[in-house]
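According to Swiss-Prot, the protein has these features:
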type     : residues                      : note
SIGNAL   : 1-29                          : signal peptide
CARBOHYD : 31                            : O-linked glycosylation site
DISULFID : 44-71                         : disulfide bond
DISULFID : 46-87                         : disulfide bond
MOD_RES  : 61                            : phosphoserine
BINDING  : 96, 97, 98, 99, 100, 101, 102 : heparin binding site
């Protein structure tokens, strides 16, 4: 018996093929669904924070990452004029100054 003859005997029924086609969109939807965050990492970005030593005039931009499944606390990341990114400590006066400036503008 040839290999082709064996495979001819294993053809699925039309009902089975139709069932497979019906489940295909569900399988694709489940496998393409990712975590909420686009970076794919479900952990806090700010492992270490800075509480002092940075003046507001050295900050060029801010990024706020709200609390969620990835991290229990909101994170505030400041980009400095030299390109360095730092995480600000939520309990520090600097954090409160930055938030106040954001709310005033």
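Using the three backbone atoms N, Cα and C, a Cβ is placed for every residue, glycine included.
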Rounded to a whole number of Å, the separation of the Cα atoms of residue 100 (heparin binding site) and residue 71 (disulfide bond) comes to 23
Surrounding the recorded heparin site, with Cβ no more than 8 Å from the Cβ centroid of 96, 97, 98, 99, 100, 101, 102 and those residues left out, we find 95, 103
The residue listed as 'phosphoserine' and residue 87 (disulfide bond), compared by Cα position, are separated in whole Å by 12
For the recorded positions listed (87, 99, 102), most other Cβ atoms within 10 Å of the Cβ sits at 87
Across every protein chain in view, the count of C-beta atoms other than its own within 10 A of the C-beta of residue 96 (heparin binding site) is 12
The recorded positions listed are 71, 98, 99, 101, 102; by CA-CA distance, the one closest to residue 46 (disulfide bond) is 71
Nearest to residue 97 (heparin binding site) by C-alpha distance, among the disulfide-bonded residues 44, 71, 87, is 87
CA pair residue 71 (disulfide bond) / residue 101 (heparin binding site), Å rounded to integer, equals 25
Rounded Cα distance, in Å, between residue 102 (heparin binding site) and residue 87 (disulfide bond) is 16
Taking all protein chains shown into account, the Cβ-based neighbour count within 10 Å for residue 100 (heparin binding site) is 10
Sequence-ordered list of residues in the chain of residue 98 (heparin binding site) that lie 6 or more positions away and have a Cβ within less than 8 Å of its Cβ, or none, is 56, 59, 62, 76, 78, 88
